[in-house]
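Here is what TrEMBL says about this protein:
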| type | residues | note |
| --- | --- | --- |
| COMPBIAS | 26-41 | compositional bias 'Polar residues' |
| DOMAIN | 70-243 | domain 'Yip1' |
| REGION | 23-64 | region 'Disordered' |
| TRANSMEM | 90-111 | transmembrane segment |
| TRANSMEM | 131-153 | transmembrane segment |
| TRANSMEM | 165-183 | transmembrane segment |
| TRANSMEM | 195-217 | transmembrane segment |
| TRANSMEM | 229-251 | transmembrane segment |
Amino acid sequence: MASPNNLQFQEFEEAAELLSADPGASTLSMSGSNTPSTTASAGEDVKLDLSEDEEGQQESSEVLDRVKGSVMPQPGRNFIKYYLRSNPDLYGPFWICVTLVFSVAISGNLSTFLVERGNPAFHYRPQFHRVTIAAVVIFMYAWLVPIGLWGFLTWRQGAERQIGGYSFLETVCVYGYSLFIYIPTSVLWIIPYDWLRWTLILIAMVISGSVLVLTFWPVVRDDTKVTAVATVVTIVVLHTLLAVGCKLYFFQTAASTPTALPTSSTLHNHTTLAVKTN
């Protein structure tokens, strides 16, 4: 039976041979004092990675819940208090606006192509300037309107704003998420039926406008009756102008083909033909 000393000597010889074969190889100490610390540090790394994954999954889940809440408004359920929970984000509103810009511009180009497809005088050209126009309009609405509304509410409510009102980020966040319903709506606007487009606009405006009204009415209802009603009406009107304006500019039902004016030669031919006939 081999003694422990012989076993240790053999292991040393094998390690020496391996090291001589590969001088640049790294060695690992297996002493008892280092093993627990190595295991503990690896465990800490695993826990850190798991916590980062959990945070990412939680953020994705919150964004998804907020998107669902923006397309399924319910009476008595305040979007900010129920979905944001004093934790507003700009990630969702930013990408919703970017997606809406491209969906409106691309769908508008496709709609124009489908409408003019049977016109022999029509030559299709991608209208890239529509992307710029859509970006300016949508981002101005998603930022300037919330800024104006937040400033107005802050001015009207004064110090009470800090207790029962909404912050600037919460106001921007709810406006951004309220635009999500227009992304699938703009895609469906490609279908060249005007009655269907106006029906989709009405449905989208009701859903999206309900999110805004249910969110901001509890804040303005304590003000004077005229001010409260005027504020809500302004919110709805601006929201309606955005939807109707996008439909009228990017999704024309039919192109207005100019009527050709009769030329002098055409008039001369018609006059000659009339004289011969008489």
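Yeah, the Cβs are placed from backbone N, Cα and C, and that goes for glycine too.
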Among the ranges 131-153, 165-183, 229-251, the one whose Cβ pairs under 8 Å to the transmembrane segment (90-111) are most numerous: 165-183
Beyond the flanks of the transmembrane segment (229-251) by at least 6 residues, Cβ under 8 Å: 104-105, 107-108, 111, 130, 133-134, 137-138, 141, 145, 149, 152-153, 178, 182, 186, 189, 197-198, 201, 204-205, 208-209, 212-213, 216-217, 220, 223
Model confidence over the domain 'Yip1' (70-243), averaged pLDDT: 87
Surrounding residues of the transmembrane segment (165-183) on its own chain - C-beta under 8 Å, 6+ positions past either end: 66-67, 69-71, 79-80, 84, 86, 88-90, 92-94, 96-97, 99-100, 103-104, 138, 141-143, 145-147, 149-150, 153-154, 157, 204, 207-208, 211-212, 215, 219, 239, 243, 246
